[in-house]
Amino acid sequence: MAVKVGINGFGRIGRNVFRAAVKNPDIEVVAVNDLTANADGLAHLLKYDSVHGRLDAEVVVNDGVSVNGKEIIVKAERNPENLAWGEIGVDIVVESTGRFTKREDAAKHLEAGAKKVIISAPAKVENITVVMGVNQDKYDADAHHVISNASCTTICLAAFARVLHQIFGEVSRMMTTAHSYTNIQRILDAATHADLRGARAAAESIIDTTNGAAMAVALVLPELKGKLNGMAMRVATANVSVVDLVYELAKEVTVEEVNAALKAIAEGELKGILAYSIEPLVIRNYNGSTVSSTIDILSTMVIDGAMVKVVSWYDNETGYSHRVVALAAYINAKGL
């Protein structure tokens, strides 16, 4: 039976989670809460997306929004505790406003009647951070009620970092992500951003900024704690990002050995989560990719036998949203 989901925050991730859910028979979105638009506006942005194109579904506005004949309740409530999720049958809330990332704040959805909350962002003092394909076996249905789905960069990195660690071992790693701009940035220069680099026009610069994804990997792979760090370069593209990971191994390897290990896991245990490409593709070719991470096989490098570079692409909206939906289905399967 499909789990009933409510989405709090219908921005880039909220809408992409909905799009992913439409294709998944194990998920039924029954309600959306968002302060920024009425039902007409929400339906329009759901149906027509500047990055991902038109939604292949019938979207109709009535008292709420109907998608493929199923009614979606639309709310505009500022306080999560007032959303009455229980009264409308919501089992799991996807918290995608970016505002309620602390456990005590996200837990207000539980007070409103939801059984579980998935935060679509790195969280603070959450019950657990889960990356599908990496540590979902650590989830405890009885103990974990506020769950973080980590970040898009973390799920990309963790998908192949675990493989490399288990097979080859390492001394240390350094990561850089070239990340498409997001709504937290500015279209034009504005002094309202706490980070002066982040205050600059998103489409006019490559913007050096911090990124917690590397250290956050240790939340799902504790064995990498203190062995991984990194940064981000925000670039002038609307979607899709790429991780460049350089790491020092404890033993010598070849490019062929590294690629063979990654191919094997992508075709086996992590199929649908980790993929690889042997073609000379560019950023636009990965738009719409539903996996967490796609290894660019042609870009793998080895120097002096033990210094290795691996490059992996990820659709930071679509891939991430599909992992949110997969996590919701997994939680439901484990019992609410």
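All positions are counted from 1 along the displayed chain.
From the backbone N, Cα and C atoms, a Cβ is placed for every residue, glycine too.
Annotated D-glyceraldehyde 3-phosphate-binding residues in Swiss-Prot are SER151, CYS152, THR153, THR182, ASN211, GLY212, and among ARG197, ARG200, ARG234 the one listed with them is ARG234.
When the recorded positions SER151, HIS179, ASN211 are ranked by how far their Cα is from the Cα of ASP34 (NAD(+) binding site), SER151 comes first. If you check the binding-site residues SER120, ARG234, ASN316 against CYS152 (active site, nucleophile), the ones with a Cα inside 10 Å of its Cα are SER120, ASN316. Secondary structure at ARG234 (D-glyceraldehyde 3-phosphate binding site), taken from DSSP and collapsed to helix, strand or coil, is strand. The D-glyceraldehyde 3-phosphate site is defined by SER151, CYS152, THR153, THR182, ASN211, GLY212, ARG234, and by the 8 Å test on Cβ atoms against their centroid, the other residues of the chain that qualify are THR177, HIS179, ALA213, ALA232, SER241, ASN316. Annotation for the recorded positions ARG12, ARG78, HIS179, ARG234: lowest Cβ count within 10 Å of the residue's own Cβ, ARG78. Cα to Cα, ARG12 (NAD(+) binding site) and ARG234 (D-glyceraldehyde 3-phosphate binding site) are separated by 17 Å.
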